[in-house]
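Visitor: Structure below; questions to follow.
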């Protein structure tokens with residue numbers, strides 16, 4: 001990669017790409033220019049560090065690129081905003097194969113496209129290991145859906161898979177047969193946030209709080225409970241997922257642990273006013289009560305603190 | 001730092017901060033919300049890697065924080081935009097002292113304030129060395145000033161110091177007496193982009209191209225020349241800086257090499273239509289010609305390629 005140099009690499013990763021309409025000025029100047037038709041934009045950023053957030057022996061560069069974009073797009077969507085663009089800082093060793101960088105960029109563009117957006121610019125630097133820093137933008141076409149508006153009496157619901165990424169990570173970590181649990185491993189390699197469950201919410205949906213599940217369901221619902229000043233009780237029967245049973249048996253893990261504590265699925269968790277049917281894609285898994293904290297079947301669970309960056 | 005944990009650290013670096021009015025929703029939710037009153041925003045991102053872009057034995061954490069923000073703010077201003085907010089991804093080893101992180105954040109906030117903005121959010125993760133990824137936003141209150149509108153006959157001008165950062169780096173690298181050249185070392189530790197020279201340009205100023213000097217004057221003017229399809233000739237007498245003479249003598253370096261090839265000063269370089277006096281803060285240093293490439297006193301200089309990330 002050293003041979004191509006920074007400007008050659010920038011040309012390489014941008015070759016043949018088509019920006020979406022939100023990108024008014026793309027790579028090549030001191031800064032990019034992004035449309036913000038609502039007069040404001042949402043922004044979120046995540047840093048991924050090799051061997052901490054991904055491993056190149058467990059994930060292809062294409063998968064790593066998709067994951068980096070997906071987890072940021074999920075945060076944008078978790079505000080009720082529509083992804084408009086991404087910028088990417090990439091640090092990598094000089095000896096990184098050019099093909100690796102190209103596949104990483106391809107994965108990023110693929111997931112950006114899934115989210116309806118493109119990659120408007122970035123920075124490439126040399127570093128001792130791979131570092132990926134993604135910043136994502138979105139148009140808040142409705143009032144931002146915050147963590148803090150949940151009320152006692154609301155319904156707790158989730159959209160998307162829970163525990164699959166955690167189960168896939170457990171399979172890889174245990175050196176178990178990755179082929180036998182290929183779907184779970186794939187879910188760990190590339191999360192599939194169900195963007196449409198939020199972006200296609202009908203205007204009539206009385207959603208009161210929303211987050212993406214990145215640190216684990218208990219931890220992320222804990223943020224809603226704390227911000228809103230409420231308690232949340234989950235129904236374990238509603239959360240159970242038969243697809244996790246076989247892996248649980250093989251590894252001696254209660255699948256509910258993955259569902260409640262595993263992060264990185266980037267499903268969405270929300271609370272809705274209790275006014276009948278939930279919107280499409282959402283499953284009822286609990287209720288909001290007066291008080292504080294998150295319980296399961298009325299009981300506090302311990303030992304499932306969720307992801308902690310400096311643990 | 002491991003003791004505080006991610007959420008404790010986030011609380012620590014945000015403690016006592018006051019967001020500017022552009023930040024409609026700050027840290028604490030899935031994403032921040034930033035005002036974009038012009039219906040669009042400019043964005044730029046830079047990644048800084050320990051021992052590649054800064055050294056903790058040469059710069060204080062406060063200096064490192066200021067530099068990380070300054071170089072991004074300079075890119076925003078180099079589009080003719082007014083900085084509105086920053087987000088910061090920070091990777092650091094678990095054993096990093098909490099005081100280091102606090103001083104780094106203080107430096108970031110200090111420089112963000114100098115640029116008229118605040119830090120709206122970020123991400124903190126564990127990494128083997130310090131990694132700082134800053135993304136900066138700005139309001140384009142005028143049409144973005146691109147690299148591509150320079151025309152033969154224009155005047156080339158600079159605002160701010162050139163070569164000081166390069167000279168300061170040379171002093172540190174050579175192990176020369178840092179106290180004797182304290183101003184140069186300080187310029188390397190903390191660039192001081194003259195934001196006001198751009199932000200207070202009168203409406204009548206016919207600026208045709210603008211960039212910040214991050215890679216070296218020849219390299220950065222080369223981007224203007226290439227984007228605009230013009231040649232640029234610099235006047236070495238107009239560039240000479242008596243403040244660099246003593247360090248040049250002590251280290252056996254022609255100070256013009258620092259001025260032409262040293263990056264990281266984050267001065268601004270621009271071309272203006274030749275219509276009389278330059279705006280305040282700008283010094284004429286050359287002219288735009290038909291052709292291609294950048295010359296000094298009519299001659300091509302070699303060996304001053306500028307900063308190259310993968311060299």
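Each Cβ is built from the backbone N, Cα and C atoms, and glycine gets one as well.
TrEMBL entries are annotated by machine, without manual review.
Note that the coordinates shown come from a computational prediction; the quantities given were computed from them, not determined experimentally.
Pulled these features from TrEMBL for this protein:
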type: DOMAIN; residues: A:28-138; note: domain 'PurM-like N-terminal'
type: BINDING; residues: A:30, A:75, A:212; note: Mg(2+) 3 binding site
type: BINDING; residues: A:30, A:44, A:75; note: Mg(2+) 4 binding site
type: BINDING; residues: A:45, A:46, A:123; note: Mg(2+) 1 binding site
type: BINDING; residues: A:46, A:75; note: Mg(2+) 2 binding site
type: BINDING; residues: A:53, A:264, A:307; note: substrate binding site
type: BINDING; residues: A:122, A:123, A:214; note: ATP binding site
type: DOMAIN; residues: A:151-243; note: domain 'PurM-like C-terminal'
type: BINDING; residues: A:215; note: Mg(2+) 5 binding site
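Relative to the rest of the structure, where do these features sit?
Guide: DSSP classifies residue A:30 (Mg(2+) 3 binding site) as coil under the three-state reduction.
Taking a C-beta cut-off of under 8 Å and a sequence gap of six or more, residue A:44 (Mg(2+) 4 binding site) has these contacts in its own chain: A:72, A:75, A:76, A:135, A:136. Secondary structure from DSSP puts residue A:44 (Mg(2+) 4 binding site) in a beta strand.
Summarising the environment of residue A:123 (Mg(2+) 1 binding site), the number of other Cβ atoms within 10 Å of its Cβ, over all protein chains shown, is 23.
Within 10 Å of the Cβ of residue A:75 (Mg(2+) 3 binding site) there are 28 other Cβ atoms, across all protein chains.
Over all protein chains present, the Cβ of residue A:264 (substrate binding site) has 22 other Cβ atoms lying within 10 Å. Mapped onto three states, the DSSP output places residue A:264 (substrate binding site) in coil.
Neighbour density for residue A:122 (ATP binding site): within 10 A of its CB lie 26 other CB atoms from the protein chains shown.
Mapped onto three states, the DSSP output places residue A:215 (Mg(2+) 5 binding site) in coil.
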Visitor: Restricting the comparison to the binding-site residues A:30, A:123, A:212, which residue's C-alpha is spatially nearest the C-alpha of residue A:53 (substrate binding site)?
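Guide: Closest candidate to residue A:53 (substrate binding site), judged by Cα separation, is A:212.
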Visitor: Going through the binding-site residues A:46, A:212, A:214, A:215, A:264 in order, which have a C-beta under 8 angstroms from some C-beta of chain B?
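Guide: Listed binding-site residues passing the 8 Å Cβ cut to B: A:46, A:212.
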Visitor: Between the Cα atoms of residue A:45 (Mg(2+) 1 binding site) and residue A:215 (Mg(2+) 5 binding site), what distance do you get, rounded to the nearest Å?
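Guide: Rounded to a whole number, the Cα-Cα distance is 15 Å.
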Visitor: If I take every residue in the domain 'PurM-like C-terminal' (A:151-243) and average their pLDDT values, what number comes out?
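Guide: Looking only at the domain 'PurM-like C-terminal' (A:151-243), pLDDT averages out to 96.
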Visitor: Which one is it: of the binding-site residues A:122, A:214, A:215, A:264, whose Cα lies the shortest distance from the Cα of residue A:30 (Mg(2+) 3 binding site)?
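Guide: Result for residue A:30 (Mg(2+) 3 binding site): the nearest of the binding-site residues is A:122.
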Visitor: Measure from the Cα of residue A:214 (ATP binding site) to the Cα of every one of the binding-site residues A:46, A:123, A:264, then give the nearest.
Guide: A:264
Visitor: What three-state class does DSSP give residue A:123 (Mg(2+) 1 binding site)?
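Guide: In three-state terms, residue A:123 (Mg(2+) 1 binding site) counts as strand.
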Visitor: List the Cα distance (Å, whole number) between residue A:122 (ATP binding site) and residue A:215 (Mg(2+) 5 binding site).
Guide: 26
Visitor: Hey, of A:46, A:212, A:215, which of those binding-site residues are within 10 Å of residue A:264 (substrate binding site), Cα to Cα?
Guide: A:212, A:215
